[in-house]
Amino acid sequence: MQEHLVVTLDGKDYLVEPGTNLLEFIKSQDTFVPSICYNESMGPIQTCDTCTVEIDGKIERSCSTVIDRPMTVNTVNNDVKDAQKEALDRILEKHMLYCTVCDYNNGDCEIHNTMDAWGLQHQTYEYKEKPYEKDYGPFYRYDPNQCILCGRCVEACQDIEVNETIRIDWDREHPRVIWDNDVPINESSCVSCGQCATVCPCNAMMEVNMEGNAGYMTDTEPGSLAAMIDLTKKAEPGYGPLFAISDSEAEMRKERIKKTKTVCTYCGVGCSFEVWTKDREILKVQPSHDSPANKIATCVKGKFSWGHINSDQRLTKPLVRKNGEFHEVEWDEALNVIADNFTSIKEKYGPDALSFISSSKATNEESYLMQKLARQVIGTNNVDNCSRYCQAPATKGLFRTVGHGGDSGSIEDLEKAAMSVLIGTNTAEAHPVIASRMKRAQKLFGQKIHVFDIRKHEMAERADRFYQPKPGTDLAWLSAVTKYIIDHDLHDKAFIDEWVDDFDEYYKSLETFTMAFAEEATGIPESELIKFAEECAKAESVVICWAMGITQQDIGSDSSTAISNLLLVTGNYRRPGTGAYPLRGHNNVQGCSDMGSMPDKITGYQSIEADDIRAKFEKEYGVKLNPKAGKDNHEMVEGIHDGEVHSLYLYGEDTGIVDSNINFVQAAFEKLDFMVVQDEFLTFTATYADVVLPASPSLEKDGTFTNTERRIQRLYQALEPLGDSKPDWKIFQAIANRLGFDWNYKHPSEIMDEVARLTPLYAGVSYDRLEGFNSLQWPVQPDGTDEPILYLEGFNFDNGKAKLFPLSFDNYFKQDEIYDIHVNNGRLLEHFHEGNMTYQTPMIKYKVPRAFVEISPELAEDRGIHEGAEVKLISETGEAVLQVHVTDRVKGKEIYIPLNNDAMENGDLGAINLLTNSDVDQYTDTPSYKRTSCRLEVITKRGKSPLNPNNFRVNKKRHPQYSVQVQKKWERSDYVFPGNQVDK
């Protein structure tokens, strides 16, 4: 096989690997060729024709040319320049250059930069205005009169995000970008991911916050702006001087527009991007091809939901309760109140009378200091985080079988799999950027997607096969499928022999898991399960993703274990495109646990009960550590009711809304002797506190987050803390010092250095290695070597072998006669968790103003109710009043309630956790949120829909196509390829 081909570029020979994109090769040699429609994250679109070069004597597009033979390429001869000039002129026929007064004149307008670099002075064709007005959506706007029809937005929507809303109508006299069947943006099925604005090479598609805000003259009234544009164009003899002026203005903007790399503060995908700020105003979020987890992708929250940063609801001063009411105080007073109460409670009841809940939204460094405060300063292991509410069972299942509690590979591996299996995960709304990777792999590369869920969400609709098991019965079908694969000799015997222990004992435990048993338990027909088992066993590579639909059950740990068992039996670990992916819900829920904010584990999952581990930390901390595992979140609440816990300190967590059975939780808060809440806002939980401390959000501090794929990334401070708020790490340090310790961290990098010294999993992590968009995936060796794919050198047990774990099942789903409706619950695309941050962005709230309940058409008909009806849901533990959205996403007596309810405005009204109970997974104490039943009472039979009429759930009309369909452009009578025109 020939390894390299000779390419002669402008007279010089190069050895090039076959399959290399010609345009990318030319760019790698620092040779300029215009390429306005090309984007390295999307590949060739072929609409702009500016990248033409001469290949073996013929003018062709370099962007779509693959080097598959020796070739001679010329980028500078007259024919090439003539063809490029023709293409550039056609672009300026569609796009008016008024750079100095354009919001996009920030140094990265690709039309401006290309024309300038090429040296274009005059355009041949006069600009032609199109008969269209600007179209404004809630977050971005489209200006057809500046659009060059490059199709990047279409490619992004159709084949990167795969939301399939945007296309170009090439058939009209004046082609333009359209949404759905040519409706306004705000009436379309657009989910507002914003990637169209991200990839637009000019000001045609632009964030609303940018308009009129970026430049020194861009806020000019439209009529005056038009006059200024005309005057400027008439005054300049050519584009050279015009570009010089606009370049000077762009340089001036650098002094007022700050671009700061950060990491998204919402879900566990870990999207990174630059945030553009002017003073405190957030202009835009701009992801990069260098963003390791997301590349150029975002979702509506990461791209646009930053209203919480400057919300007038932000806390800017400490609050101390006096005579039943909160009063603003200075930090000294607040710290003294905390120190006095912590000291008195510890002296009276002992250190285990105090408890601490860490935040999965805060940085690694802050999570580390919270557990250090609990263990070193107070002397208790009563510290936990919200992974207890969702991810602990997944981690338990992986610890049992493969030894590491994290994703097996990288997000990019999900695209490489031949088959993706999604179980109990509403990926398109909870982890939309990951969902887009899978949708793209399915659409463009034939990946097979199988979805097991009780609710027909978007991924279920798109799946090659969708299965609806009875609630809480996934372990039954998972084990039956595994048994069938072994029974029919479809298992990977070579993999098992070399890499897996306990096969015989495990196989024996599967005896009762017949396909007939699985059908009876789950309701999935035996024939469908057999077909799935055979496809799964024969697929070249399989990944399984799961989330709260699995973990928030009373057998969440066992169901997670069953997933890993299936992957081991089929040999789907230790390779790209394989493995277990428990999709983490919060931006740093992985990191928070990594940092030891757990009652039985210190950093890197080292046991606090192990003498050698404690000795290491005792040497670093200078105190003796408590050898007994502490209480987890669930046990803390019970401990308050039992009189064992007297103080609670939590930060970045609205426990009084998000914990299960919140009537029980709120009653516990009332019994506390002393409670401290640290947050951006006066949350619902904070209203129970004695002291409330104002904390700074992610844009106001430095630190690191660790995402679902174990990827550690830096975030940089973009803004100063608002008012007297402080980063959490500074608050913890102040409290520790007020209690007599001498913490002296100057920067979070020093905290991470300490973590690295103590934690084998993070041994090679340093801020220098995380500079910019660089990242590391744990475990990280001292020399900085990381592991994008786990287990290549063996599983995380002493002998390097994985373990199959025997399981049993008796978790049959039974419909209660009184509480006859099963209550499912979970995330929404627009809001995050309880919604405290997302409700602060007005246009997000406009999209989904309140919580609601999804009810099936069958149940609605049975109860005589319609869209917008008001119902009371009553469970054994409480009741909630909600408005109805009738949808076929749920069936029969299944209902679905989103987690968000805007508790800061509405209190706990309509909160799902008024209905949930205190049942938990026996191994992790994770609440069985998904094991909830209720009865329904009708208050009103119809009303106004709880969803905005323009919400994409109502306007669900996808228009899938492949790319921009450029051939339709080429078929137009007014199109001639510039190379052909030159040939003529």
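Note: Cβ is positioned from N, Cα and C throughout, glycine not excepted.
The model shown is predicted, which means the values in this text are computed figures rather than measured ones.
Copied over from Swiss-Prot, here are the features:
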BINDING   C37, C48, C51, C63  [2Fe-2S] cluster binding site
BINDING   H95, C99, C102, C109  [4Fe-4S] cluster 1 binding site
BINDING   C147, C150, C153, C200  [4Fe-4S] cluster 2 binding site
BINDING   C157, C190, C193, C196  [4Fe-4S] cluster 3 binding site
BINDING   C264, C267, C271, C299  [4Fe-4S] cluster 4 binding site
DOMAIN    3-79  domain '2Fe-2S ferredoxin-type'
DOMAIN    79-119  domain '4Fe-4S His(Cys)3-ligated-type'
DOMAIN    138-165  domain '4Fe-4S ferredoxin-type 1'
DOMAIN    181-211  domain '4Fe-4S ferredoxin-type 2'
REGION    252-984  region 'Formate dehydrogenase'
So what's the mean pLDDT when you look at the region 'Formate dehydrogenase' (252-984)?
96
Within the same chain, where does the domain '4Fe-4S His(Cys)3-ligated-type' (79-119) have neighbours whose Cβ lies under 8 angstroms from its own Cβ atoms, ignoring anything closer than 6 residues to its ends? I mean 6 or more beyond.
32-36, 48-50, 52-54, 59, 125-128, 130, 145-149, 201-204, 206, 210-215, 217-218, 220, 225, 228-229, 232-233, 239, 242-243, 245-247, 249-251, 253-254, 257, 978-979, 981-982
Using Cα-Cα distances with a 10 Å cut-off, which of the binding-site residues C51, H95, C102, C264, C267, C271 are near C147 ([4Fe-4S] cluster 2 binding site)?
H95
Residues of the same chain, at least six outside the domain '4Fe-4S ferredoxin-type 1' (138-165), with any C-beta under 8 angstroms of its C-beta?
36-37, 39, 41-42, 45, 47-48, 91, 94-96, 111, 129-130, 132, 174-177, 179-180, 185-186, 188-208, 211, 296-297, 300, 303-304, 436, 439-440, 443-444, 843, 846-847, 958-964, 966, 969
Residues close to [4Fe-4S] cluster 4 site centre defined by C264, C267, C271, C299, Cβ within 8 Å:
Y266, V269, G270, N294, T298, K301, G302, P432, V433, N587
Specify the nearest of the binding-site residues C48, C196, C271, C299 to C150 ([4Fe-4S] cluster 2 binding site), where nearness means the distance between Cα atoms.
C48
Please work out the number of neighbouring Cβ atoms within 10 Å of the Cβ of C153 ([4Fe-4S] cluster 2 binding site), leaving out its own Cβ.
26
Write out how many residues of the domain '2Fe-2S ferredoxin-type' (3-79) are helix, how many strand and how many coil, based on DSSP.
9 helix, 26 strand, 42 coil
Of the residues in the domain '4Fe-4S ferredoxin-type 2' (181-211), how many are helix, strand and coil by DSSP?
11 helix, 4 strand, 16 coil
Within the domain '4Fe-4S ferredoxin-type 1' (138-165), count helix residues (DSSP H, G, I), strand residues (E, B) and coil residues, in that order.
12 helix, 3 strand, 13 coil
Work through the binding-site residues one by one (C37, C51, C190, C271, C299) and name whichever has its CA nearest to the CA of C200 ([4Fe-4S] cluster 2 binding site).
C37
How many Å lie between the Cα of C264 ([4Fe-4S] cluster 4 binding site) and the Cα of C63 ([2Fe-2S] cluster binding site)?
32
C147, C150, C153, C200 excluded, remaining Cβ within 8 Å of their centroid ([4Fe-4S] cluster 2):
I148, L149, G151, R152, V154, V177, C196, V199, P201, C202, A204, M205
List which of the binding-site residues H95, C99, C271, C299 have their Cα within 10 Å of the Cα of C193 ([4Fe-4S] cluster 3 binding site), in sequence order.
C299
Given the recorded [2Fe-2S] cluster site (C37, C48, C51, C63), which additional residues of the same chain have their Cβ within 8 Å of the Cβ centre, ordered by sequence?
L23, P34, S35, I36, Y38, P44, I45, Q46, T47, D49, T50, R61, C150
Could you tell me the C-alpha distance between C190 ([4Fe-4S] cluster 3 binding site) and C37 ([2Fe-2S] cluster binding site) in angstrom, no decimals?
22
Whole-number Å value for how far C196 ([4Fe-4S] cluster 3 binding site) lies from C299 ([4Fe-4S] cluster 4 binding site) (Cα to Cα):
11
Given a separation of at least six residues and a C-beta threshold under 8 Å, show me what packs close to C51 ([2Fe-2S] cluster binding site) in the same chain.
L23, V33, P34, S35, Y38, R61, S62, C63
